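To keep things clear, I will list the structure first and then write my remarks on it.
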Amino acid sequence: MTALGITVALLVWLVTLLLISIWKHIHSSWKLPPGPFPLPIVGNIFQLDLKNIPKSFTMLAERYGPVFTVYLGSRRIVVLHGYKAVKEVLLHYKNEFSGRGEIPTFQVHKDKGVIFNNGPTWRDTRRFSLTTLRDFGMGKQGNEQRIQREAHFLLEALRKTHGQPFDPTFLIGCAPCNVISDILFRQHFDYNDKTCLRLMSMFNENFYLLSTGWIQLYNNFSGYLRYLPGSHRKLMKNISEIKDYALERVKDHRDSLEPSCPRDFTDTLLMEMEKEKYSAEPIYTLDNIAVTVADMFFAGTETTSTTLRYGLLILMKYPEVEEKLHEEIDRVIGPNRIPAIKDRLVMPYLDAVVHEIQRFIDLIPSNLPHEATRDTDFRDYIIPKGTVVIPTLDSVLYDSQEFPEPEKFKPEHFLNENGKFKYSDHFKAFSAGKRVCVGEGLARMELFLFMAAILQHFNLKSLVDPKDIDLSPIAIGFAKIPPHYKLCVIPRSQV
């Protein structure tokens, strides 16, 4: 065949592909929400900024409204933007959109655990996990004592910095890591423990990689990209290593299990596995238990650690806020008493600051992907089963009608005219509905108590002028990743 013939054949193929794509789009989208026209193979990839997909969603919402459709490759995605649409999907249609959209980088977790799972296995595992965590003190006195005990170790580690500059990533991260480790395994790590540091390093690296443009691309075009070199290989290697660690700990627990005296969360899951010993379709397999534990270890460590780390940077940017916090802590708690969760009721400013930190950093801007579990009539549209559904949390947390000047850090967003704490129904940092964060109660408690303990004993000192601190995230994707920085903590007794 001549070069001209090849060129003509290629053009005919491309035109045919385009016509087929147009026909499919018209045929399948007549009852879908509106959205930009997708190209063959790539969909709407060229209309999205892979380094800031949440911003792209906001721009598309301005054109197409609060409910719109985009395609990433052949993957159909319905995006919900704004408080009303997001709340409607998460709370009023919580069954119809309770599925978890596929995330190829977490393939090793597919059909297991409490985050990336679907169907009966997910429902039973999640329900049992919530009940068991309550029994082990989730959000109650048992966990308060855990956090207070860990705050002591955190303060000791901070004192050992002797006022010198340090990177807070792993030092601060050890505190929530140890809290969740105690719940899962009844294990406490030294702050220099190599295993703990390795785990936190992988958690931290995964959080960053998941937020890069390449992983956004990979998760939507994995069929084409899986055999290429790239950071997806490192991410999946880390995920497998974390799962292997969890499986090893689960097997250790199995070999020393005393059913009459469960030690921790892992023991209770193993006891359920024993009950299903003769079941033809057991839910609590070793693999499912290991992935459940790995899910909770990763989420329970990295999200709280990142929020604390971002929060300290924000307080250095706004020293007047830190000064008000010191005043409230001194007045309510004093220099010696351990902060308690009951203090939250009489410390509206700290409560407001903790909420505003979470709102401002908007840690998981696009939520985790949901999925339609059945063909669903939603407003004037039909959303087919299997459609990925994204209820954007940033559109709620940055709603200018609820939070005036949302791009500014203002604790007053959560204070009324009398200086009392003001709850907002727009505060959806943990999502809502059937996929709400399992560890919400624990995370809220940790953020309040750890922040109170740190500021009770230390002043924060930036290495640069506060006005030169840049709060912009270094990556925006799965999460918003804070910039790297160092700080000094100065014992307040020396001030």
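Any Cβ shown, glycine's included, is placed from N, Cα and C.
The substrate binding site annotation in Swiss-Prot covers Phe298, Ala299, Gly300, Thr301, Glu302, Thr303. Residues or ranges marked as heme binding site by Swiss-Prot on the basis of similarity to another entry: Cys437.
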* **Listed in sequence order, residues with CB under 8 A of Glu302 (substrate binding site) and six or more positions away** => Gly173, Phe203, Asn204, Asn206, Phe207
* **CB contacts for Phe298 (substrate binding site) [other CB atoms within 10 A, all chains]** => 22
* Asked: Three-state secondary structure of Cys437 (heme binding site) from DSSP?
  -> coil
* To do: Give me the Cα-Cα distance between Thr301 (substrate binding site) and Cys437 (heme binding site), rounded to a whole Å.
  => 13
* **All-chain count of other Cβ atoms within 10 Å of Gly300 (substrate binding site)** => 24
* Which residue, out of the binding-site residues Thr301, Thr303, shows the minimum number of other Cβ atoms inside 10 Å of its Cβ in this structure? -> Thr303
* Structure fact -> All chains considered, the count of other Cβ atoms within 10 Å of the Cβ of the residue listed as 'heme binding site' is 19
* Structure fact -> Whole-number Å distance separating the Cα atoms of Gly300 (substrate binding site) and Cys437 (heme binding site) is 10
* Whole-number Å value for how far Ala299 (substrate binding site) lies from Cys437 (heme binding site) (Cα to Cα) -> 9
* Within 10 Å of the Cβ of Ala299 (substrate binding site), how many other Cβ atoms can you find? Include all protein chains, please. => 18
* Structure fact -> Near substrate: residues not in Phe298, Ala299, Gly300, Thr301, Glu302, Thr303 with Cβ within 8 Å of the site Cβ centroid are Pro176, Ile180, Phe203, Met296, Phe297, Thr304, Ser305, Gly439
